[in-house]
Every structure is written in C-alpha cells, then in structure tokens.
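Student: What Swiss-Prot records for this protein is below:
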- Asp75: active site (ACT_SITE)
- Asp161, Asp221: Ca(2+) 3 binding site (BINDING)
- Asp161: Ca(2+) 1 binding site (BINDING)
- Asp161, Asp221, Gly273: Ca(2+) 2 binding site (BINDING)
- Asp221, Gly273: Ca(2+) 4 binding site (BINDING)
- Asp249, Glu251: Ca(2+) 5 binding site (BINDING)
- 1-12: compositional bias 'Basic residues' (COMPBIAS)
- 13-32: compositional bias 'Low complexity' (COMPBIAS)
- 33-48: compositional bias 'Basic residues' (COMPBIAS)
- Cys69-Cys318: disulfide bond (DISULFID)
Amino acid sequence: MVRNNNRRRQRTQRIVTTTTQTAPVPQQNVPKQPRRRRNRARRNRRQGRAMNMGALTRLSQPGLAFLKCAFAPPDFNTDPGKGIPDRFEGKVVTRKDVLNQSINFTANRDTFILIAPTPGVAYWVADVPAGTFPISTTTFNAVNFPGFNSMFGNAAASRSDQVSSFRYASMNVGIYPTSNLMQFAGSITVWKCPVKLSNVQFPVATTPATSALVHTLVGLDGVLAVGPDNFSESFIKGVFSQSVCNEPDFEFSDILEGIQTLPPANVTVATSGQPFNLAAGAEAVSGIVGWGNMDTIVIRVSAPTGAVNSAILKTWACLEYRPNPNAMLYQFGHDSPPCDEVALQEYRTVARSLPVAVIAAQNASMWERVKSIIKSSLAMASNVPGPIGIAASGLSGLSALFEGFGF
C-alpha cells in the first residue's frame, strides 16, 4: 500500500487593506533654519560688564575709602581716606582717632559713658549711685584721644591755630569685657540722643551782675532716661555701637576757644538749663573745642555690689578738618574728593540699616554686614534706568571686587 506522504502546501492568503490616508511625500533636501540663540541674557551680561567698566572710570576710589573709614573697625582699617565725597570743594585734613584703654567699673555704681562729637575727646565718663541717673551735681570728665595737644595746642586760647572747623563721618565705640566669668555681674544699656551746642544770653554771676553770650548744650535730658530704641545685654557680652551723621548735609562746625566747662564758669547748671556739668580738666591737657552734628551714644554699665567688672574700651572716630593756611597741617592737606552721590547714598542706607548696638562679638563681622547691605542696595539701584542705575551697576561691580581692594 502506497502512502501519500505529500503534504499539502498551504497557500498564503494576502490581505489587502484599503485606506484613505495619503502616503507621505518624500522630503527634499531643504536646508534647516539655524537654531535661535538666546542672545538676550548674554547681551545683558555684556551690557552689565560694559556699565561696570564704564563706572570704574567715573566712580572714585575715595568714595569707597570713605565708606570703609566710616564703618570698618580700626583693627581692620586705619586709613582715614581722602575725606567726605560731597559737594564741598576745598583743602582738608582727614584723621581717624583711635583709643584703646582698660577700664574698671566701680561696684554698686552705675557708670555713664558719653561718646559725643567732641574733637580730640574720646569719651566723657561719670558714675552715680546704682539705679539712679546723673543730677545737677554730677560732672562728666573728658578722656582724650592720643595727640590732642598736637592738634589743639596746650592753651585754651590757641585751639584753632592749626584747624578752623571740622565735621564727622562716624563715631564708634566697643566695650570688650575681660572679667573673670565667676566674678562679673551687671548689665550694659545703650541708647542715643541728639545733643546740640547752642549760644544763649545768660546772666553771669559777677559783681555787679552782668550778662554774656555763652555756650550751652541742649538735648542732654535724653541722658536722664533710657530711650525707646535701646540695647540691653549682660555685661560679659560687651557692646559695640556707632553713630553717623543724620543731617541732610555734612556741615562744618567751628573750632571753639577758651571753653573748658559746659556750662561755662560763672553760669550755674540751673541757669543754663543743663541737667549736669561737663568738664575737660586742665587746659594744658584737654578742652572742649567744638560739638559736631552727630547723635551722642549713651552707655550705662551697671555693676552690683561684689561685682568685679573690667573691660577694654575702644573708641574711634573719622573726622575731616579745614586747616589754616599758615599752619603746619596745611602742607599735609589735600583737596576734598570729588562728589560721589552713590557712595553718599550708600552711607545713608547703611546708617538706616544698622541697629542701635550689638554685642561685642559681632563687631568682627560688622564690616561684612556693611558690605552685604551695600551690595543688596546696589543690586536694587542698578535696575533704575538712567545714569543712577548705570552708576549703581558700576559700583555694584566694584563692591564685588571689595576683597581685591582690601575691603
């Protein structure tokens, strides 16, 4: 029997599908459009660099040195700079006075320290019973900066032989405790008050009685109470504070002669209206040579019974003097720096941003805080159209180079 081993071939069926879609047309070699590059950001960066470089030629280095002198501590910078870059044009002598001194605070007493805008005088000090304020019998005594006599002479009648007027850029003070941690006690309180020098016609206690135009201080009542804006902390933490010019302009004040006390001799405290006395001591050592346009810093250190409180008191001030033509200092003078509106605006911005005082440990980072305020302010100002924005952008570029300039 023959088997049929032939397999049937299975025929493959083709399935044809009909569609209405058109077949894709082969693309021709069409050149592609170039990719758009984001030139706007790059253009802005180029413009920013151009503005910064352009501002480098217009903004003066004295403007930056002015900010550094006003706000940097003396252990960081002792350069007095070229002066205040405002619209004043004339010959000036710049000076940065610095005093470091050890001080002991009497137990069961409150010690008051006044950092006042008095050229050549570092601070005024007096102590009163604990828990009280100065009264009419209290006398604040002067402690001088080094070099007082070289600037203002040894006689009260020759204070203006070298310089005729002055103005402040800033005043600073720091108290750095050195007490044993097991022996200290007490607190530090800081506030500020505006004190001004005034000329008033007063009766003079002479025989026969007469009257005279004498100098007196107004605003000292602010020392007799802690202001609403104040700083209070434990003594061991210390304090750092500074005062700047709050007036619209940096105006010069005259150098005064023949004044050793306020109120003057033969004028009583009750007659003058002052709540207490200020005495500079012997005229060969010190004197009251003027009063600038700065808020006075008031520091009260309270030391209870049994406390052993000691500290290093450091105070410094940046001033600008107008030298007399026939004085030796005239040869060391220089022209006042050109006006730098942006630097002056940043001075005001920093002044508004700083607190009344901080603990002493934060003084080391104070210049870093000032730089951050300047950079933040200039970043906002650089968006302003016109020359102000251009100048701000340029100074912002300079502020980024502070480290390179030693700032």
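Counting begins at 1 with the first residue displayed.
Using the three backbone atoms N, Cα and C, a Cβ is placed for every residue, glycine included.
For each feature listed, report its degree of burial, its nearest neighbours and the pertinent distances within the displayed model.
Tutor: For Asp221 (Ca(2+) 3 binding site), the count of additional Cβ atoms within 10 Å of its Cβ stands at 12 [all protein chains shown].
Annotation note: Asp161 (Ca(2+) 3 binding site) sits in a coil segment as assigned by DSSP. Sequence-distant neighbours of Asp161 (Ca(2+) 3 binding site) (same chain, 6+ residues apart, CB-CB distance under 8 A): Gly153, Asn324, Ala327.
Spatially close to Gly273 (Ca(2+) 2 binding site) yet at least six residues away along the chain are Thr216, Val218, judged by Cβ distances under 8 angstroms.
Take the CB of Glu251 (Ca(2+) 5 binding site) and look out to 10 A: across all protein chains shown you find 13 other CB atoms.
Every protein chain shown contributes to the tally, and the Cβ of Cys69 (disulfide bond) ends up with 26 other Cβ atoms within 10 Å. According to its DSSP assignment, Cys69 (disulfide bond) is helical.
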Student: On a simple 10 Å Cβ count over all chains shown, which one of the recorded positions Asp249, Cys318 is most densely packed?
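Tutor: Most Cβ neighbours within 10 Å: Cys318.
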Student: When the Cα of Glu251 (Ca(2+) 5 binding site) is compared with the Cα of each of the recorded positions Cys69, Asp221, Cys318, which one is closest?
Tutor: Cys318
Student: Which of the three DSSP states, helix, strand or coil, fits Asp221 (Ca(2+) 3 binding site)?
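Tutor: Note: Asp221 (Ca(2+) 3 binding site) is helical by DSSP.
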